[in-house]
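TrEMBL has this to say about the protein:
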- 138-375: domain 'ABC transmembrane type-2' (DOMAIN)
- 21-41: transmembrane segment (TRANSMEM)
- 182-205: transmembrane segment (TRANSMEM)
- 226-249: transmembrane segment (TRANSMEM)
- 261-284: transmembrane segment (TRANSMEM)
- 296-319: transmembrane segment (TRANSMEM)
- 345-367: transmembrane segment (TRANSMEM)
Amino acid sequence: MDPIRTWAVFRKELIHIRRDPASLIQVILIPVILLLINGYALNFDLKYTPIAVYNQAGGRLSEDLVQRFRASRYFQIYRYVSDYHEISHLLNTRQIMAALIIPYDFSRQLKSAETAQLQLIVDGSNANTANLIIGYAQGIAAAYNEKLLLERLEQRGQAQLSMPLESQPRLWFNEELESRNFIVPGLIAIIMTMVGALLTALCIIREKERGSMEGLMGSPLKKSELIFGKLGPYFFIGMIDMFIAMAMGQLLFEVPFRGNLLLFIGLSALFLVVVLGQGLFISVTSRSQLEAYQMAILTTFLPAFLLSGAIFSIGQMPYLLQLLSYLVPATYLVNISKGIYLKGIGWYILWPDALILIVFALFFLIASGRKFTKKIT
């Protein structure tokens, strides 16, 4: 491979990119737009969820329970209601996500050492949020239940007794359970997939539609010189987008970065070679730019978004989709990104993911080279 001829192709591709500044601006804005939309919109945290309270009992005991809901960061008392019809109206108009009903005999049952009942009506149209609401509400009720139990023991002169079991959970790697801390590192893989694959998916087919492929066919260029010369500019654009995404993750979302920066940059560059190879393979096998664009979306972006584990946990997917996720290159960068960002792990753990990315890169580059030869000879 002659570096001078490769550089000539590299410069020619740069000139094409510079002649289309609108597309270049769009490419630079892709990470900004994706991170802003997904970083803020994809939020799985439960904070200050509006609920209604129907306190039929009144009195100190029921108000003490309501106060516990109010004091938590998970719920916000939107309104006190006086009947079920009002609860139904608030749920139907999506003004609240749940309603806490305390029955008339709540205080009497507690004072007489009976088991009191609570009712929680939850909007189940969003299953994930509903499960979170139920879980946090049960946690608040359990803490209140423990307080009442200890008070009963104290009244019986058994105040020195302790609970037989106490759970002390400790969170590692994402102590605040912030959604953005695991979403943003995964979005970097999605952004690099989208930018790298979509740009290169159009580079060869664009030459055919412009009629400039005949000139390349008659030139003394080797296929390796043409391929690397074509991919070079898009590699640097992809790396720029990666740095933009990283900067936004730090400055806007305050996502912690606990690992080795150089290791992350190096493995991200390796992944970028993989997606550039994917895009090149799509380009040499497509018959039009529209077909190449559609294939790039269907075979790179959507699998990276849905199956890589960037947003949705692979372990919660059906078994068949879990197997398919191993065929998505972005899966391995997501593992690398979250591992370096949140856990601070190093090469000694990440080398299997890096090895798989090397295999992907070789496969797509070799397949593209062979397919490209068939196209121009």
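Placed from the backbone N, Cα and C atoms, the Cβ positions cover glycine too.
TrEMBL: automatically predicted annotations, no manual curation.
Because the structure is a prediction, the values reported are computed rather than measured.
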Distant-in-sequence neighbours of the transmembrane segment (226-249), which means Cβ under 8 A and at least six residues beyond its ends: 1, 5-10, 12-14, 17, 24, 27-28, 30-32, 35-36, 39, 184-185, 187-188, 191-192, 195-196, 199-200, 203-204, 216, 255, 257, 265, 268-269, 272-273, 275-276, 279-280, 365, 368-369, 372
Recorded stretch that, among 182-205, 261-284, 296-319, has the most CB pairs under 8 Å to the transmembrane segment (345-367): 261-284
